Amino acid sequence: MSDHGALKNPPGDLESTAGTNTLNNNYLGSTTTPQAAQYNPNVVYTGEALNGGAGATQYGGTTQYGGFSSAHGRAPTMSTILPPSGGDFDPEPHKRLFRKFGNPGPLGLSAFALTTFVLSLINVNAHDVSTPNVVLGLALGYGGLVQIIAGIWEFAVGNTFGATAFCSYGGFWLSYATILIPGFGIAASYDSPTNPYEFNHAIGIYLICWFIFTFLMMLCTLKSTIAFFGLFFTLDMAFLMLSIADFRAGHSNSVHFLRAGGAFGLAAAVLAWYNALAGVMNHQNSFFTVPTGAFPWANKGNKPARQTTKDE
């Protein structure tokens with residue numbers, strides 16, 4: 001997906017003099033002598049090398065660019081490669097140019113977190129509530145519709161992973177709500193006296209398929225951050241435990257797997273909120289930021305940042 005369209009009108013602080021491709025430090029709030037930059041309209045500026053460039057620290061912690069610091073390396077510059085971020089819901093180093101709209105990641109994460117948290121409380125039998133129908137409103141509106149909208153906007157910012165995950169889990173909540181709504185007759189169609197647990201087994205098949213999908217998504221976060229990977233790991237375990245609980249319906253240990261699934265679901269919801277907070281919190285709106293814990297092997301195997309032309 002090409003971003004060169006966003007560079008046709010470069011900011012006024014991008015100097016057009018001989019030298020390397022850097023931004024005027026006056027734009028970044030620095031008191032140091034600005035370095036000259038040559039703007040080429042046929043070049044898409046993808047940023048400094050992943051290990052940091054002029055005025056930037058090595059990614060994985062707080063990155064500073066000319067006096068502007070951000071926990072995610074989010075600086076007002078057109079030449080920044082951001083590290084993997086749960087707040088951006090992007091598991092790989094990614095380019096962020098001047099966006100005309102905000103980051104959809106925290107919205108999708110929050111929609112997923114709240115809906116998952118409520119259902120997981122029911123699965124652990126909080127306050128003796130065991131019927132999950134109260135989650136229908138959240139599953140249709142917040143966890144379903146809002147999360148799909150966030151996923152569509154992830155397509156717009158070029159985040160294929162975020163778009164795939166948000167749209168898929170939004171579809172999960174919509175489909176789960178459809179199963180629980182009596183008007184669709186899905187649960188009633190399994191009401192058979194000869195096989196009283198057929199519906200449970202069908203739900204088990206449904207959940208194990210989501211376990212497989214989540215496992216595939218989890219593999220894409222192995223080079224991101226601990227908080228980002230932890231979200232998908234706990235969610236994957238939640239799907240696994242809940243599917244086993246349905247497959248074991250009628251057995252005495254079924255409830256133990258259900259409670260375990262609820263516990264993993266609560267952990268996944270908390271981590272989703274945590275990653276969402278990391279995506280909206282910065283030094284401009286808060287006195288502190290939350291760490292997400294970059295993996296020590298996150299840089300290994302990464303190709304260096306490069307410039308691409310319009311012809312590519």
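Just so you know, glycine gets a Cβ as well, placed from its N, Cα and C.
Heads up, TrEMBL stuff is auto-annotated, nobody curated it.
Taken from TrEMBL, the feature region 'Disordered' applies to 1-35.
Residues annotated as compositional bias 'Polar residues' in TrEMBL: 17-35.
Taken from TrEMBL, the feature transmembrane segment applies to 105-122 (among others). Panel annotation: around the transmembrane segment (105-122), residues 85-90, 129-132, 134-135, 138-139, 142-143, 146-147, 149-151, 154, 159, 162, 165-166, 169-170, 173, 235, 238, 261-266, 268-270, 272-273, 275-277, 279-280 of the same chain, lying at least six beyond its termini, place a Cβ under 8 Å from a Cβ of the stretch.
Within the chain carrying the transmembrane segment (134-157), a Cβ under 8 angstroms from the stretch's Cβ atoms is held by residues 89, 99, 101, 103-105, 107-108, 111-112, 114-116, 118-119, 122, 163-171, 173-174, 176-177, 180-181, all 6 or more beyond its ends. According to TrEMBL, the feature transmembrane segment maps to 134-157 (among others).
Residues or ranges marked as transmembrane segment in TrEMBL: 169-190 (among others). With a cut-off of 8 Å between Cβ atoms, the residues of this chain six or more beyond the transmembrane segment (169-190) that come close are 108, 111-112, 115, 132-133, 135-136, 138-140, 143-148, 150-151, 198-199, 202-203, 206, 210.
Within its own chain, the transmembrane segment (202-219) is flanked in space by residues 161, 164-165, 168, 172, 179, 190, 229, 232-233, 235-236, 239-240, 242-247, 249, which lie at least six positions past its ends and keep a Cβ under 8 Å from the stretch. Residues or ranges marked as transmembrane segment in TrEMBL: 202-219 (among others).
TrEMBL lists 226-245 (among others) with the feature transmembrane segment.
Sequence-distant neighbours of the transmembrane segment (257-277) (same chain, 6+ residues past either end, Cβ-Cβ under 8 Å): 86-87, 89, 105-107, 109-110, 112-114, 116-117, 119-125, 227-228, 230-231, 234-235, 237-242, 244-245, 248, 290, 292. If you look up TrEMBL, you'll see 257-277 (among others) marked as transmembrane segment.
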